Structure formats: C-alpha cells, structure tokens
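Engineer: TrEMBL feature annotations, pasted as is:
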ACT_SITE  B:Asp152  active site
BINDING   B:Gly73, B:Glu96, B:Ile97, B:Asn129, B:Ser130, B:Leu149, B:Thr227, B:Glu228, B:Glu229  S-adenosyl-L-methionine binding site
Amino acid sequence: MGDAQMEEGDNTREIEVAPALIAVDPAQRSVAVAVGSDLRVYDLIGDCPVSLVDDSAKPFHSDSIRAIRYDASGKLFVSAGDDKLVKIWSTDSWFCISSVCCEKRVSAVAVSNDGLFVCFADKFGVVWVVSLKGDAENQALADKKAAPMLAHYCSIITSLEFSPDGRFIVSADRDYKIRVTVVPKNPLDGAHEIQTFCLGHSEYVSCLDFIHSPDYPHGLLISGSGDSTVRLWDVTLGSLLDTCEIGSKFDRRFTFFLKAELSATDGIEEDPCHAVTDLCTCPNGTSVALAVQSLKGIMLLNCNLSAKTLSMAKVVLVEGETLIPTSLGTSLSEGLPWRVTIIS
Amino acid sequence: MIEKETTSTFNKSTGLPRKRFYRARAHSNPLSDSHFPVPLSPSQFDYSLHYPQLVPAASDDDNPKRIQFADIGCGFGGLLVALSTLFPDKLMIGMEIRDKVSEYVKERISALRTTNPGQYQNISVVRTNSMKYIPNYFEKGQLTKMFFLFPDPHFKEKNHRRRVISPHLLDEYAYTLAVGGIIYTITDVEELGEWMKGCLENHPMFEALMEEELENDLVVKLLTSATEEGQKVARNGGQTFQAVYRRIAPPL
C-alpha cells in the first residue's frame, strides 16, 4: 500500500505520468482538461479555448494536477495536485480567485453543494476545508488558510464526494475503505461524526460518485475499485446494495479488444487487469460510465434506483485506436459521457 | 532424569508461556505493511474462531454475542486476563501489532483456558494495526469500553500524528463506542497524559467522568495494577496520568 513511501516525504517520487483528467461544467459552458501541470479549458459556448488568468504568488500549477472539478452550480472550478496548491477559479472570468497552500501533495478535491466550502485531501489522508463565505466573485482574495476536517489514518484518499442532499461527505482511500461523515454546521471546526463506513471492497477504492434523480433525491453511492467491482451503497446505513463484477463481464468477444499486459519477467501475456479506474454517473439517474484498466473504451452500467441494483449494459469500444480512458465526465443535455484518453 | 525445563517455551508447572521466549522490542512501525489478514467488514470477523465455546460456528442466533470491550495495544494481555473474570459474560478482544507479543497472548489465553475449564473463554487477541482497521472489526456503537494503556508516547513533535490518541482518530473511536461507552487512557509520560486529556476534552463527542464515577468504576483500579507496564511503573514508584471519558451524543 505504499505507506513506507509516504513516510520518506518527497524524496521518493513515482516516475509514472499523472493520468489526464477531464471535468465538464454542469452548466455546460465549458470543459476542462488537465494534462500533467497543464490546465486547459475550452469554452463550449464561444467555441474557443479559454485564457486562464492567475496573478497569485504561485501562478498556475508547477507540477502534476491530480484533481479537478466544477462545483454543482458551475460557477466555481477547483484544481489541485503535486505542487501542493489548491486553486479556486471563477468560471465567469476564469480568474484564479484563491490559491490555498497545502503542506503535502493533494490527491482529491470536492466542493460543497452550496458552493461555500472547498475540501481537499492530502497524501497523508487528512481532508482539509477552506471557506469561501463572504467572497464576492471575480475578486482577488488573500490566500486562504485551510482547517483540518477529518482524516483516514495514513491512507491516500482517492476520491471525495458530497452527497446530493448535502448531509454527508464521502471519502474513499487506498486501504479499501469508504467513510461517510456527517457534514457539520461549521466544517471549519472539524467533521467528527462518522455516519458509517462502506466496507466490502477487497482492493483500493479508486472512484466514487452519487447517482440520484428527482424521485430519489438522496441518491445512492457508487464506488469503483482495483478489485474489479463496482458497488452500490446506501450511505446512511453503510449497506452494500449490489455488486457488479467487471472481470466476469468480459467474455472472449471483448478480450480481443483488451490490451493484455506483458509480464515484466518473462514477456508472457497475462490476463488483462479489470481494475476500475474512473466512473461517472449520468445525470439522468440511470447510467454509470466506467473506465476500466486495459479496456480500450468505456463500459456502461444501468442503475435501477428503486430496485437498488446495478447491471451491465454494454461496452463501447474505441475501434482502431490504442487509447485507454483515464478520466470521465458527463454532460447534462445529451446524457453522453465525455472521455479523455492517454496514449498507452 | 530431570528434564531441561529452560529450553521449553512453556512453564511446565503453570502451563503458561514463558515471556522470555516472546521477547520483542517495544516498538513496531505501524506504517509498514506487515501482512496480517484483516476482515473486509465486521460481519466477516470469525467469532467462532476466537470464542469457540461461547459462539459456536453453526449458530442461528438472531442476536449473536458481540465483542464489547477492546484493549488497543494489549501488550502481554494483563488487562484482558484481569477483565475476563470480572465480566465473564462480556466478549473482549486485545489488539496488538507486534507479532511475537500477540503470539504470546494467544498462547497465554489458550493455556489459561486449558488449566481453568470454563473460564477465559470470553477473551481473545488479534494481530492488527488498530489505527487503520478498527472499523473493519467493529460495527458502529458496538463497543462499551475501549482501553489505551501506556501507549507509545512518540516524543518528537513530528511524530505526534502517530499517537494512537489524536483528534482525528478519536472520531473513529467515537464511532465505534456506543453512546455512554467509556474510553480509558493511562500513561506514565506526563506530556502524553496532557496530550490525551486535551484531545478528549476538545472532542465534541466525549465528556470527562466525574470523580465519583471514577471511584465507583471497578475497572479504573485495573488501569495501574493489571498490566505488566503498570506494574513496572508502580515498582519504580512512577506517577501515572489517566483520562477517562464517556462517549456522548454530538451536540446539535
């Protein structure tokens, strides 16, 4: 699990390239992509790239960006990563309204549904919170100070999500755990009340998202893991509602399209890994798109909110290319998932 | 022919394991991944393996017995052994990260069960890192007592975050303890004693026990007398610092 590496501080750095990330504005005005330390935003309305403006002490990102997201209203955008900076941008002017310094590299970010708090997790498993209250948009602000809100002891947090009803914040880590914590009135004082844990994954949890619809406003939690499963949870009780085994969904028709990993030692092709690397739920409340390791395409699952089940819908392959998606985002109107790929 | 008793790991007369064959350093790096099995969730914890007499394997019980007391960092098991006969109807577990030491406790309990039929069936030990895996063993509000006796002080300030009592970990202990459940801490290191008391005092889900309650609690006396560590401190005439708090419902 790499705990020993964490102790050595920044001396032992992974040589791997940070996966490319994509985020889609819920108001569909723009799409953001992060490749390494480069943040690129495309204006969908004006059909042109956006020029980001950042006149803070440390402008833009100087190292791999590990997490990007828009807030629920689409008015704010957050980017953070290995340069230990969390940058908050206004999506009207694309001006960096705040830069928060973190002691450690940042692995995940989330914005509260009301857009008042930004949470981010550092590599020691501490989730910090910074308040945006009282800030007028498009105004430069003094660099903010974050307060520790909760922690997963010495675990790398891979994903942070607020529940659709705003009651809970969910954090997932590389030690197979998902923690559901009650969002307090003042998050700056700490989120001490744990609602439940969602336990059951047998490998690192890589991604989380809520699926909800107007009929089911509280929604259900969906998690993807290195154990090749996607699981459906009730976050008030921590109960596992359904499990979708990705590995077993592949039959011989699909294995042809899977890029088999060559064994490092003897060059013999091993079974492809079916770890789930990213997922996103489509806002129509019925579909889930998955990025699966070694799958040259995306997998779609159906979620039935009333029956509380998950089932495989189909696999959408990207033919003729050797690209494997690393990050997914959805657009509201067409209900079609966007994807980003890296050259493998 | 007199047998060479000195080479046996068990004392022939008492049947108990001999500590010197289970000597271990006081420290174990809790951050290094020592490969011990961890239950995926509390429902996966094998009760019949640890408490074979009290929780038989094929039981259709709707309301099965559950562990209620946990000794975090149980060392050589002194507290568990003392608590076992004081609360014979409660299931208890010790958690210890050091391999040899947890082995010793396992052997000790096994020997006690053999030499005292019907007794000590309610205690057991598991080798694990309690700072990471407590939620894997216990459901929400399952425990009524949690013990942190003479924990590692981690003197250097940069290591304070490794202390087993810390503001963040208290969230997990509050989750695991039932409302009204009690957390017992004791140390012979004054600074650590103040630290632990401070963490508990500042946590919204714990309140200190009153003097009267402490005097009436049978268990409080065991904090200093029951463990090997506590006995060593008493022998050396050292002072101990305890902080005993009750889990309360969070303020609205």
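Note: Cβ is positioned from N, Cα and C throughout, glycine not excepted.
Context for these features, please: burial, neighbours, distances.
Structural biologist: B:Asp152 (active site) falls within neither a helix nor a strand when secondary structure is assigned with DSSP, and so counts as coil.
Within the same chain, residues at least six positions away from B:Ser130 (S-adenosyl-L-methionine binding site) with a Cβ under 8 Å of its Cβ are B:Ala70, B:Ile72, B:Gly73, B:Met95, B:Ile97, B:Val164.
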Engineer: Among the recorded positions B:Asp152, B:Glu229, which residue has its Cβ surrounded by the fewest other Cβ atoms within 10 Å?
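Structural biologist: Looking at the recorded positions B:Asp152, B:Glu229, the Cβ with the fewest others within 10 Å is that of B:Asp152.
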Engineer: Which whole number of Å gives the largest C-alpha distance between any two of B:Gly73, B:Glu96, B:Ile97, B:Asn129, B:Ser130, B:Leu149, B:Thr227, B:Glu228, B:Glu229, the residues noted as binding S-adenosyl-L-methionine?
Structural biologist: 21
Engineer: Using the alpha carbons only, what distance in Å do you get between B:Glu229 (S-adenosyl-L-methionine binding site) and B:Asp152 (active site) once rounded?
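Structural biologist: Rounded to the nearest whole number, the Cα-Cα distance is 12 Å.
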Engineer: Provide the three-state secondary structure of B:Ser130 (S-adenosyl-L-methionine binding site) computed with DSSP.
Structural biologist: helix
Engineer: Among all protein chains shown, how many Cβ atoms are found within 10 Å of the Cβ of B:Ile97 (S-adenosyl-L-methionine binding site), not counting that one?
Structural biologist: 20
